[in-house]
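What follows is one structure encoded as structure tokens, with my remarks underneath.
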There are 2 protein chains.
Amino acid sequence: MVDENIEKVSIPSLRRLPLYYHYMKILKKRKVDYVSSTKIAEKMNLTPIQVRKDLSITGVKGRARVGFNIKDALEKIEEFMGWKDKKDGILVGCGDLGSALLGYNNFKNYGFEIVAGFDVDEKITGTEIHGKRIFPIDRMENLCKRLHIKVGIICVPSKSAQKVAERMIDSGIEAIWNFAPAALEIPNDIALHQEDMAASLTILFKKHRKNR
Amino acid sequence: MVDENIEKVSIPSLRRLPLYYHYMKILKKRKVDYVSSTKIAEKMNLTPIQVRKDLSITGVKGRARVGFNIKDALEKIEEFMGWKDKKDGILVGCGDLGSALLGYNNFKNYGFEIVAGFDVDEKITGTEIHGKRIFPIDRMENLCKRLHIKVGIICVPSKSAQKVAERMIDSGIEAIWNFAPAALEIPNDIALHQEDMAASLTILFKKHRKNR
């Protein structure tokens, strides 16, 4: 349930690949065709070896003295990351954070779309947020099963997170992205990614302290 | 600039500690005094050795057959994670995601408070979001210097992120939490934590694929 090794690819590598991708996208816009691992490494404060190692996972290979073909590298990263496979998801808990995610346009670049939101609050069910319909939570099972939705995002308060996760699993959800700061008890065959703002903050603060 | 080793503590450990913390908080509420590493490991789908190793970083030591004293463990985790040190921050880009973070009450449990928001949109500057004043971006340098603010959160669109980061650094910001999907070019002595939704999604999808 916790980030360790997935298909033998390290989580830090998975986190770095989108950064290389964003950077190469910028270069491509500037009509640059090739970039060296040294250049990327400098930009990201890494070693060129690390950059080459990370990129090699996706099948991208650089050429001596020329570097990586940017167009090819972008495609290989997209493919490896699974951004080309279309996936639909639902979101439960349409407060501020939930609304922000419903309106996060960037997801579509990664093949992901939130098709509906669910909430218990009758003031918002029946409305639309960023063009997404918000349904009462009782409708979740039916909708997920009918549309074969496998991805669920939890944005409810901590105390409701476990119950929502269980309802999602009953609805056929197989991958849960949990933004509630709560440890979920779920079966091993359900994929879980815990988004932990506390951990992120702490990592930032620890880096900051180390720099001073 | 990328998550690797901070003070020799691994990022995965730093990400797990808040989960142990949340779980022990629940147990404490239920008037439980002790918990074993086996129990925590079961709950989190980890090995007891991993749990003991992670907790030992914070100075928490379990006792044979009794386990960890929950009250003591909670305090040690809080201290280690730096959640007891009060830190103020500012946020730039008060759209949906920025607004969600301005209203994220949970930050205060980690000693963090966003004291003000900044934006370029005159429709929202001068207003309040979740009780936080929103200022025009021109006011950032003055306010940050005056209040000795060292932490800045970037929630602007990708294309503006680099410019905002540079302005933050000019304003005395030393730690940047970047939610824009853009690779920032910043000096080595500035702490950076890149929040990458694409990476999170991909990690979830890779776990999901592995389970099927």
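Positions of Cβ are set from backbone N, Cα and C atoms, glycine also.
What TrEMBL says about a protein is an automatic prediction, not a curated fact.
The range from A:19-58, A:99-138 that TrEMBL describes as DNA-binding region is residues A:19-58.
A:G95 (NAD(+) binding site) falls outside any helix or strand according to DSSP and counts as coil.
For A:G95 (NAD(+) binding site), other Cβ atoms within 10 Å of its Cβ number 15. In this entry, A:D96, A:L97 stand out among the binding-site residues A:G93, A:C94, A:D96, A:L97 as having a C-beta under 8 A from a C-beta of chain B. Note on the DNA-binding region (A:19-58): DSSP counts are 29 helix, 2 strand, 9 coil.
Sequence-distant contacts of A:G98 (NAD(+) binding site), defined as residues of its own chain at least six apart whose C-beta falls under 8 angstroms from its C-beta, comprise A:L91, A:V92, A:G117, A:D119, A:I129, A:I153, A:C155.
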